[in-house]
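Below: the structure, in structure tokens.
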Amino acid sequence: MATSPVKDFLVTYVMPEKCYERIFVSFYINVPCLKFVMNRAVGLWILLDTFLAQLLQLLKILWRRSADGLSLTSVLLQLYVFSCPVVYAIANNFPFFAWGERLFALAQTAAIVFLILHYRGETLKGMLFLLAYGYLMFLLGSYAAAAAVSVMQTSSLAALIASKVLQAGTNYCNGHTGQLSTLSVLLSWAASLGVIFVSLQETGSSFATLSHTVSACLSGVLLAQVLCYRSSTATSRKKNE
């Protein structure tokens, strides 16, 4: 008996077949199935954020040929955030498929740092930075002590929060968001809400949940700034052109 494409998709990517039968055939909202679906959806959204958020920002910079409005310190902190799990994974010999998406986001963020320096007229400094950063990552992944790697991993959330604070402060001081990508900020905000959900389900740690909540609120602030400063950002762009 042939199955529908919708069922094939849902059973393959979203839920077990028994959950599909309960929800869409018997029309019974089963709590464990609903929880499973929500966890799967949140996981997919977080993965989407990891792959696309930095890429969208990178493409916008290249399209506009400007990194106006982006805080270099904020992006450097983001680079640190993406570096921590990569160093941790390499140091602990985790299989590549378990952390490869982080390496992808890390490479994009490093490219954004280079472009910020490049469009500031500091291309040589940007190239030297990439070389130094690549060498540092090699050293950390190969020779860093387990305690140092663990501290890096633990501090990554604080660095992420600081990054968002710095970018929000830059936006406020400038009165516009420059080349900050709306889609990138939207993806990050939605993913941060998903991380709160995962934290509540898995860790149960009030401190971790509070930290993720602060991060989500700051992502919301950045999104609000992008929307509120839209006219000012457009005016600033025209002046630069």
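Glycine is treated like the rest: Cβ placed from N, Cα and C.
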Write down the single range among 182-205, 206-229 that appears in TrEMBL as transmembrane segment.
206-229
Could you name the stretch, out of 42-63, 103-121, 128-149, 206-229, with the greatest number of CB pairs under 8 A to the transmembrane segment (70-91)?
103-121
Under an 8 Å Cβ to Cβ limit, what residues of the same chain, 6 or more beyond the ends of the transmembrane segment (128-149), are close to it?
79, 83, 86-88, 90-92, 110, 113-114, 117
